[in-house]
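Encoded as structure tokens, here's the structure I'll be asking about.
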């Protein structure tokens, strides 16, 4: 019997979708972080239940050829990265395999998936920094990242997947808090003030949001002076979040300095972003992903594009430049305001931005454009596409659609519904035993699938899928017997056309 804290020596079989090593021993499947396939390792048993176990690596006895030295000194303690010990080319193959395995396991779709498109920067690529601020057991303020599956903050002075400015910002915030006696927020006691700092870079301009449990922070002007030594141009917001919640932002934003919003440029499109506007964190990979999406759906310029979950409107605008009309549907009001500003700045009169839930707005747009050369792109949050939206898409029979997803599990579920490989029985989604490999009539078939490495050194992957509608077979076989009488072929053809 395997017991807690037991030391086991075994060989790692594979990697899980979370990047953990999978080790099988005496009928138990263990998940052990920071171990690679083929490595002989020793690990400490942390937990075993119902044939599943979790372990902590003690020693790598025979390192794999793919193993590399992690760049970050807190890699094995911080929960931000999972793959710094794996050669980057292998990370790309791993992410393709994660998508492939999710499609097979969840949706029953056996599809060949290529390696992820690489990021030109495997470190220093993130344009957004999001740091929790809190207190340790002694009550000292800490700035860092959460440990894996925990709200325990691992202090950091820098982060290698962010640019150089990240370390300077951490130092500036630490100095402000120390010299002005401002404490980090303690989740257990509710004491302290600063909860998070969030920074977004837009074209060497920086949107800084300080999240506080209280609107009363001493000498914020001094913090602005410190920010001025880090960033060439910045704007500072104070966000008030006094709720006992895991949600980072509260509802109240107070502008402290600067314009509040900054303008960027990509693909010939000028766009605007604010403190909560969604922009992909890796600019280089974002450009590759968006270009692929536009090429897939806007082939001849006569299309009408609907961009669901459209954020600040950057991708919608790229479509508007290439096609007849483009619609963006987005829930976040600030993002829609940015999209409207983008529309004006770029003179895109054929672009329409709609504020609201996709599940409430999509059907009306599809009905309005019925008969046009409709194309749809869906870029949902991690929870995936709402079921009512999927039903509306299936009902519409749009000829060609694309899905961008940051979650292989919900992507597999949604593709299962769109392709018909999943069906609902007694309120649950199950694999459809009647699903044919060539696709189900009235559903969609997958034309192409391509992962993109938006998040190097982590388990996360972005995926673009292009689908086409499989129309119902409307052909029937008819045998007609004629006698030798003379036939008016023109009249017959006309009557057939009228009754078609």
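Glycine is no exception: its Cβ is also placed from the backbone N, Cα and C atoms.
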May I ask you to find which of 186, 242, 379, 414 TrEMBL records for the S-adenosyl-L-methionine site already listed with 280, 309, 330?
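As annotated by TrEMBL, 280, 309, 330 share the S-adenosyl-L-methionine site with 379, chosen from 186, 242, 379, 414.
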Over the domain 'TRAM' (1-59), what is the model's mean pLDDT?
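Here the predicted model's pLDDT, averaged over the domain 'TRAM' (1-59), is 97.
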Roughly how wide, in whole Å, is the group 280, 309, 330, 379 that binds S-adenosyl-L-methionine, by largest Cα to Cα distance?
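Taking every pair of listed residues, the largest Cα separation comes to 15 Å.
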Hey, does DSSP put residue 330 (S-adenosyl-L-methionine binding site) in a helix, a strand, or just coil?
strand
About how far apart, in whole Å, are the alpha carbons (Cα) of residue 379 (S-adenosyl-L-methionine binding site) and residue 406 (active site, nucleophile)?
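That separation, Cα to Cα, works out to 9 Å.
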Using the recorded S-adenosyl-L-methionine site (280, 309, 330, 379) as reference, state which further residues of the same chain have their Cβ within 8 Å of the centre of those residues' Cβ atoms, listed in sequence order.
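So the additional residues around the site are 278, 307, 310, 311, 315, 380, 404.
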